[in-house]
Amino acid sequence: KLYSIVLLKVLFFPKKLIKAQMSNQVRLRLLPSARCLFDEPIQLKVAGLRSKQVVTMRARSTDEKGVVFSSSATYRADGSGEIDLSRDASLSGNYVGVEPMGLLWSMRPDVLHKRFQKTNALNPHVVNFSVHEEEGGMLAEVKNERFLMGDGVSRVPVKQGNIRGVLFTPPGEGPFPAVLDLYTFGGGLSEKRAALLASRGFLVLTVALYGHDDLPKNIKEVHLDYFEECIKFLKNQDKAGSNGVGVISLSKSGDLALSVASYLPGVQAVIWINGCSANVAFPLYYKNRQILSALKFDMNKVISTESGALVTKYCMHDPLKEENKASLVPIERASGRFLFVASEDDLNWDSKAYMNAMVDRLKRHGKENFESVSYPGAGHYLEPPFGPYCPSSFHAVTGVPVLWGGEPKAHTAAEVHLWRKIQEFFRTHLSCDKIKIKSKL
């Protein structure tokens, strides 16, 4: 009787219907949950496959600019018809080997030279994971919502005085370590890193310098007074620890963070990530007086590549030459702690050499208020982990697409390690005692 029923299904049921019934048995699960923070790892599991069946795992997402990012990898099920990405190795695709988060960091844009844009903290980063037969038919899918703001974190837009930004406050009474996020270049406002730090227990103000709200679209000079205003605003928050603030940077804003720590009061801890040791591109003013000249670059020294993106690593003038020393930031004046972070495969500029020069400078002045870390195989854009690795994109200062450097797997490992390091550094060196610090200028 059972044999007759099966035979009837094979003879008379449409093949597509039988395939659909089979695919309904395949289950794709996200652990511990399909909803998580952007910086949290997930475990992706497939069950209900045939023993040793070969399938393709895919991930797909669309960023805030409408650019589609996707990845794929081939896996073979075990004898029980199951795949666990934290255990099983990819056989081919965007990556090979055991990479539990590989489908996320290996996602690539569908057009050249695009960087994944996720700057608004209100909406999650949505990724669709799916499992497909070798012929391409989808067997199962699941949606992963990766949030920038944890439960209870408040987001308040700031438009006070000259400040344009967003303040993120963790849940609870506080006080919390206060951090100024200088993700300022490229125009506009980026909330991702600030929101995630707030989700980890920090009170964070992220600010725009230009290209946002009623700020000018472009700038020709930078005024340190703006950041002084930001620090005062941050320290005056009810839930902020007022013994000093932390400052976190990236790229060009690295030299701004150095200047903030060297010239302004109340800065207790600074994280410099792949910046320069000198004030780059724009002269720096304070109280209407120029305090640092601008270190310039020579576009005749760019290196062209087949992809159309340029290598700018060797374009910056040497900040240690006599004619450029007026652009060097006098970091020996800073009383706070420094964490210097450099990627050894940074193709934007030689951040490792700049870091070494700063370490030497501080040592010559008898200073020990620093620590440094460098990452082999990592590129310029070190951000919170598990976003798509960016090999190239448009450069805000040069106005052309450039290569950022790095190898995807090593770069992602650096981001995971650095994200923990950032939180540990700020927790160690940001005090919440109510002590006021006098101005140095």
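Heads up, the Cβ atoms here are built off N, Cα and C, so glycines get one too.
Model, not experiment: these values are computed from the prediction.
Averaged over the domain 'BAAT/Acyl-CoA thioester hydrolase C-terminal' (222-431), the predicted model reaches a pLDDT of 96. The domain 'BAAT/Acyl-CoA thioester hydrolase C-terminal' annotation in TrEMBL covers 222-431.
The active site, charge relay system annotation in TrEMBL covers Ser251 (among others). The Cβ neighbour count for Ser251 (active site, charge relay system), using a 10 Å radius over every protein chain in view, is 27.
Per TrEMBL, the feature active site, charge relay system maps to Asp346 (among others). In sequence order, Asn274, Lys313, Lys352, Ala378, Gly379, His380, Trp404, Gly405, Gly406 make up the list of same-chain residues 6 or more apart from Asp346 (active site, charge relay system) whose Cβ falls under 8 Å from its Cβ.
The active site, charge relay system feature in TrEMBL is assigned to His380 (among others).
Residue environment of His380 (active site, charge relay system) contains 25 other Cβ atoms, counted within 10 Å of its Cβ in all protein chains.
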